[in-house]
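Structure first, then comments.
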Amino acid sequence: MDRSLATAAERLESATLRLDTLNAVPAFSGGTTPCSSPAIQPTISVDKRGDDAGGTDWVPTSLRAIGRQAPVAIHTVSSQLASATSTCVFYPFDMLKTRFMAQDGTALRQHNGRVYSSMNSSLALIYREEGLRTLFRGCPVAVAGSVVAWGVYMYLYRQLCNLTEYTSYVGRSGVSVLSSSISSCVTCPIFLVKSRMQLEEANSSSHYPSFWRGMRYTVQTTGVRSLWRGLSLQLFLIFPNALGIPTYDTLKRFVLRQHWRQAEVAELNLVEIGVCSALTKVWILILSHPLVMMKVRMQDERAMLGTYQYRSIAQSTSNVFKTQGLRGMYRGFCPALVHSLPRSLLHYYIYEKTLSLLCRRYPSS
């Protein structure tokens, strides 16, 4: 009798322990636990809404990385690497775009004694008159500026999104505006010197042979405040430019969710990265190009010379309409498009691949 009771008690205790073990299994996709054997996989229904919809269940790394508590350091490093590479690869088109936008049709603002008319003839003229090195004049400054700008922007943007827990397009756009404002104030002197190095012809007396000599010359001739010349237009540019990352994140989230619902795979391929980046860039470029063009003319060393001067936003806008009409607001748009679209694709491709790699390498970051 006593032996039967003892045996029954042991069986009851064993069954209780097995039940407790099953109840303790967390709900992962597919019912697997990080360390469990495939033989013990309870079937559990999983709500696939993920972080962005308010769910608390497991979601793929690529979706989680753009939701709440995104890994700030990983996003920052990924964006800096992407910006440095894309800036360097497509820099000649950036230089050509800047010169196109600086020309207003007057003899004072010509380059190589001409007003540029097409991309092919302009590149050939620069190569013939100034040499190949001119196409990369100011490239190290541009790379340094883009690394600093993206580092400041992305760190603040992701950090503030995490703190506020904004996941909506409008909320993240507001955070992006604030982050862009701070980044623009920090990097304005860098990009001013970069623009002047691009506009200065190689065969002329050089005031901007390097970044530090250009900074010193600017301060000596026009004062410290002139390093932030064009900042007012840059702050206006924040509003269209700040839509970039939120727009890309929204498109990316939409595509990833379609993938995940169909095959529980959430990774963008090259074509999808290209479509998302192209839609984002064209949208931003249409909104921002007139402001970028006027900023270039205001930052030009010759801005205060000649009949048409570019002292302020109002005066610059008036001069453009007087000399070139509405079409003049989009001068250099084609070089900007040729420069921006492939650069944007390369930027986001490197950004996505680096982000994915680092998220897998440092999952707790």
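Numbers run from 1 along the shown chain.
Just so it is clear, glycine is given a Cβ too, placed from its N, Cα and C backbone atoms.
According to TrEMBL:
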- 33-44: compositional bias 'Polar residues' (COMPBIAS)
- 33-53: region 'Disordered' (REGION)
- 70-163: repeat 'Solcar' (REPEAT)
- 167-254: repeat 'Solcar' (REPEAT)
- 268-357: repeat 'Solcar' (REPEAT)
Using DSSP, how many residues of the repeat 'Solcar' (70-163) fall into helix, strand and coil, respectively?
75 helix, 2 strand, 17 coil
Its residues classified by DSSP, the repeat 'Solcar' (268-357) shows 71 helix, 0 strand, 19 coil
Checked against DSSP, the composition of the repeat 'Solcar' (167-254) is 70 helix, 0 strand, 18 coil
